[in-house]
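Copied over from TrEMBL:
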- 1-30: region 'Disordered' (REGION)
- 14-24: compositional bias 'Low complexity' (COMPBIAS)
- 38-139: domain 'LOB' (DOMAIN)
- 118-145: coiled coil (COILED)
Amino acid sequence: MFKMEYEPSPTSPPGSLSPVSPSSSPSPPPLPPQVVISPCAACKILRRRCADKCVLAPYFPPTEPAKFTIVHRVFGASNVIKLLQEIPESQRADAVSSMVYEANARIRDPVYGCAGVICQLQKQINELQAQLAKAQAQVTNMQLQQANLAAMLCMEMAQSTSPQPSSQQSMDILINPSLTEDNNFGSIWEPLWA
């Protein structure tokens, strides 16, 4: 159904409204939606008013309250604020991610914290380096075996390509020396037989 809108006309007395058709006059531009800025997760947890220049706001958004809760539990809010104020802005994001990681490690392992994680990683590195050295030794051994095999094959190929009498011919020469063109053996052995 058609809905009629009314607006005050400049010629009518105050308080009277005249009908306006939807297409006759341009409606005022809509107001931008009001953005409700909620306090950062840190200020929300600390139950304080979040200032415009809150040091914690860029690094602890309202959508991630657990991030600040863990850091606050391990380091304390005042220490986190002091630390962030002392370092340049370009390094603050890295500092916050480091604090979150350290706080998580400390909660998982209250005794060793990050040091325990570092020790485990170093142990894994040592084990992997030992496995790598073993694998490299095996590769070197296989390469040497392959080189030896290739040398043996080359020697056999060289021997097989040189002209050598066949095994049947060798047997005939031993049995009947007169089959050779150069019969020096017969002349040497003749006086012994005579």
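Note that Cβ sites are derived from N, Cα and C of the backbone, with glycine treated the same way.
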Structural state census, the domain 'LOB' (38-139) (DSSP three-state): 73 helix, 0 strand, 29 coil
Residues of the parent chain within Cβ reach of the coiled coil (118-145), under 8 Å, 6 or more residues beyond its termini: 112
